[in-house]
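S.K.: TrEMBL lists B:Cys72, B:Cys76, B:His160 with the feature Cu cation binding site. Here TrEMBL flags B:Cys72-B:Cys76 as disulfide bond. Among the features that TrEMBL reports, domain 'Thioredoxin' is placed at B:34-195.
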Amino acid sequence: MLMLRSALLSTLLLMSSALYAHHDGTHHELSDGEAPAIEVTQPWIRATPPGAGAGGGFITLTNHGNADDTLIGATTSITDRVELHTMEMDGDVMRMAPLPGGIEIPAGESVTLAPGGLHLMFMELASPIVEGQPIPITLEFQYAESIEAELQVVPVGASPEGEGAHAGHHEEHHEEHGHMAH
Amino acid sequence: MQRRDVALLSIGSLVLLLTLAVFFAVFGRQAANPPLAEMGGQFQLVDTEGSVVTQDDLVGKPTLLFFGFTYCPDVCPTTLFNLTRLIQQLGNQADQFNYLFVSLDWERDGPEQLARYISVFDERIRGLSGNEAQINAIADAYRVQYERVPMEQGDYTISHTAATYLLDREGSVVGTLAYGFDLDETQASLEQLLPSS
């Protein structure tokens, strides 16, 4: 009961703070009663090899509110450079694309940043991302108040529990297995 | 509707159209797989010790060849880790193959950078780098697609072919393994490339 109450309370707090959150004015104003309420689940990242310039962070964002919102950026203490990116397999070609407009999280929906697609791109890493040393991040939204989270670090090539099995395997994976000459 | 709103609306639509155009330019192209017979050829690169490596050094053993870069957030470390697991799974057969990781990032990746990067993977994976002309030569030979994608502050990342190439003992390309290749299937394919005992 206490849990439920505090959950309700934080939802209310989130909703009210979202109403007052500042934004850049390019979108419509939220009208009365409209508010996004973002929940963050399973933030994680893979450890990086020494000297790796970049690492991809993953997270699930659920908008329990009744207004669309957009993840517009993230900050962390480990680097000044975090961008929102997506990648896509086009046949055998991995294509990367920055998303300067952010990642939309429609009201009532979940968006998962996961290997093979959307990711937080951490750049100019001064030192490797190491297993067992979580990465603190602050996620910034267009309307909702910023959310702090910690990315759990899993080994290179691994995925957290419940995120699918072995290295390289993910849901969006194209099932073709290259081509062999016979 | 006020004139200002109309102007904003038209600017908005224009921005939307431009965004869509860029999106389709980036994602709309379908990469067709070129025939295997057209892949392969001469190349000259350096390994992490600074020694020159050419196609002739591969002859005698089948080769697994992967292209990437050390600024790669996900696909490259995942594939190198998959290769490491494959090597472990191959056990005492593992030494009968060459394993090469070629960096397409001729500007940022040299022998020292590659040495650091691959140190966490199986030591049998050799990291190769080269200058712009050398990298373009091997990319052309193997029909590897790669292009720089600009980011903020003049930075860039690289879109690239993420398949792993399989070469037979003569150095001819006989197949490609898609990103996230299955270890058991790959082991079976590799065993066919070894001399029949």
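Even glycines carry a Cβ here, placed using N, Cα and C.
In TrEMBL, annotation is done automatically, which means it is predicted and not curated.
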S.K.: Average the pLDDT scores across the domain 'Thioredoxin' (B:34-195) and report the rounded value.
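M.R.: Summarising the domain 'Thioredoxin' (B:34-195) by its mean pLDDT gives 95.
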S.K.: Tell me the Cβ neighbour count for B:Cys72 (Cu cation binding site), meaning other Cβ atoms within 10 Å of its Cβ, over all protein chains shown.
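M.R.: Cβ-Cβ neighbours of B:Cys72 (Cu cation binding site) within 10 Å number 29.
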S.K.: Under DSSP, is B:Cys72 (Cu cation binding site) part of a helix or a strand, or is it coil?
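M.R.: Once the DSSP labels are grouped into three classes, B:Cys72 (Cu cation binding site) ends up as coil.
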